[in-house]
Amino acid sequence: MVIKTARRDLETMERSGFFKLHGDPSNSNSMCIFWLKGRCHRNPCRFAHGEMPHETTIPSFAKQSHALPADHPRKRSYYQTSNYTLVLRNGGKVLGSNVAEMLPENLHKKSPKSVPRKSPEKVIKKSSENVHKEPPKDDSEKSLGNVVEKSSSKTVVEKSAQNDPKKSLERVCQFWVRGNCMYGDQCHNLHSWFRGDGFMMLAKLQGHEKAVTGIVLPERSNKLYSGSSDGTVRLWDCHSGQCASVINLGGEVRSIICEGPWVFVGMLNVVKVWNTDSAAGYCLNEPTGQVNALEVVKDLLFAGAEDGVIYAWKGSYEANLTLQLAATLKGHTLGVTSLVVGGKSLYSGSLDHTIRVWDHETLQCIMTLNGHNDVITSFLCWDQYLFSSSLDCTVKVWAATEEGSLEVVYTHNEEHGVLALNGMTDTDDKPIMYCSCADNSVHLYELPSFVDRGRLFAKEEVGTVQIGPGGLFFTGDRTGLLTVWKWSAAPRVAVTGS
C-alpha cells in the first residue's frame with residue numbers, strides 16, 4: 001500500500017512538471033522530495049539529503065506573504081466593542097513650534113487651530129527645566145520593573161529579530177509557536193513575539209480564560225488590575241508577577257478604568273465601583289445593555305452603553321464616593337464603542353460609524369463627524385490633533401479649522417481593521433503611537449511622521465493597550481494573555497492614561 005501511494009505521488013509530480021526542476025527520483029543522485037518537505041523518515045534513504053533546500057523549495061508556509069494583494073477583500077475582524085480607549089496626555093510642545101512642518105505630506109496642508117487639550121490639572125508639562133531629569137519613581141514603578149527578575153516561569157525576556165536580514169519581519173513562524181520548527185535559525189519567519197529596537201518583553205501573565213478587555217494600575221496600589229470577558233477581574237502582584245486575587249463578577253467585563261484609588265468596571269446593565277484602599281463598593285444600575293466604554297474627567301464619570309446612550313454621573317472622588325446621575329447624552333443610533341475627553345470636549349465613537357463631540361460642561365452635542373465608513377474603535381489625543389481608528393482599516397487625524405469645526409487632515413491606512421490606539425514617549429522623548437490591528441499585531445509608529453518603530457505579535461487580536469510608569473506598557477489579547485513590555489530606559493516625560 002505504501003509503494004502504491006508513493007507511485008501515485010510520483011505520477012502526480014511527473015504530470016505537474018516537478019521533475020523538470022528537481023530531477024527524477026529514480027536517479028539515486030536526485031534530491032529526496034520528502035526531505036524537501038521536512039517529513040522523510042527513512043535512514044538511510046536512497047535519495048539525496050544534501051544542503052539546506054534553496055528558497056524556491058522551502059515549504060509554502062515559510063514563503064507566504066503576510067500582506068494581502070491590493071484587490072483582495074480586506075478582512076473584517078472580530079471586534080470586542082469594549083476596547084478601552086486610552087489617551088496620550090501631552091501638555092508641552094513635544095516637537096517645538098513647527099509641529100506642522102514635520103507631519104506627513106497631507107497633514108500640514110493647513111494651519112489648523114489647536115484641538116482642545118486635556119484638562120490642565122491632569123497634564124504633566126514638559127519644560128526645559130525637567131527635560132533631562134528622571135521622573136519620580138513610585139513603588140509601583142520599582143515593583144513592576146522587577147517583574148523580569150522576580151516572577152517565576154511566566155517571566156520571559158526576548159530579543160528582537162529586527163536586525164536579521166534573513167527574516168520576514170511581518171510573520172511569526174507558526175511551527176516555532178508550536179515548538180517544532182525544523183529550520184531553526186535558518187527559518188525565514190520570526191522566532192520572536194516582537195521586532196524593533198529600544199524595548200523588550202518582560203513577562204507573560206496567564207490566567208484569564210477569555211479576552212482581556214481592560215488593564216489599569218490604580219494610584220497607591222501595588223496591584224495591576226485586568227478585566228476579561230471570562231467574567232473576572234484579576235489582581236496581579238507587581239513584585240512577583242503572580243496573580244494575587246481573582247474577583248468573580250458573574251458576567252462579562254466590557255470596560256475598566258480607574259481614578260485615584262477608585263476602580264470602575266462596565267458590565268451588562270451596570271457599572272460596578274470599588275475602592276482599592278478600603279474595599280468599599282457599590283453599583284450604578286442606570287445603563288441599559290453592555291457598558292462598552294468608560295471615561296472620567298474632573299467630577300464626572302461617563303459610560304457609553306449598548307443602547308447608544310452616554311450616561312453621565314457627577315460626584316466626588318473622596319474617601320466616601322457619591323455619584324448621582326446627572327444626564328443621559330443621546331444622539332448615536334447604535335451602541336457607543338469608545339470615549340475620550342480632550343479639553344472641554346467629550347468625543348464618542350459608535351457602531352453607527354460616526355463621532356460625536358460633546359461639551360462636557362453643558363453636556364450638549366456640538367457636532368457630528370462623518371469620516372469613517374465602519375465601526376469607530378478607539379481615540380487618541382496628541383498635541384493639537386485627535387486620532388480616530390476604525391474597522392475600515394484607517395486611522396484618521398482630525399484638526400480644528402478656522403471656523404471651529406473639525407476636519408480630516410491626514411489618513412493612515414492599514415491592511416486590516418484597527419482595534420485600539422494608545423501612545424507614550426520613548427527613551428529619546430519621541431512620541432510613539434501603538435496601533436493594534438486585526439492581524440494579531442500591534443504596530444508602533446513614531447509621530448508625527450508615522451515612521452515604523454516596531455511591531456508586537458500575538459496569537460490572537462490585541463484588544464487593549466495600557467501605559468504604565470517608568471516606560472512600562474501592557475497588552476491584552478483574545479486568548480486571555482496579559483503581556484508586560486518595557487522601553488529600555490524610563491522615558492523622561494511621564495505620561496498617564498485615563
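Just so you know, glycine gets a Cβ as well, placed from its N, Cα and C.
Here TrEMBL gives zinc finger for one range in the set 167-194, 419-446, 447-474: that range is 167-194. TrEMBL assigns the feature zinc finger to residues 26-52, out of the candidate ranges 26-52, 80-106, 350-376. In the repeat 'WD' (329-368), the DSSP tally of helix, strand and coil residues is 0 helix, 24 strand, 16 coil. When the domain 'C3H1-type' (167-194) is classified with DSSP, helix, strand and coil residues number 7 helix, 8 strand, 13 coil.
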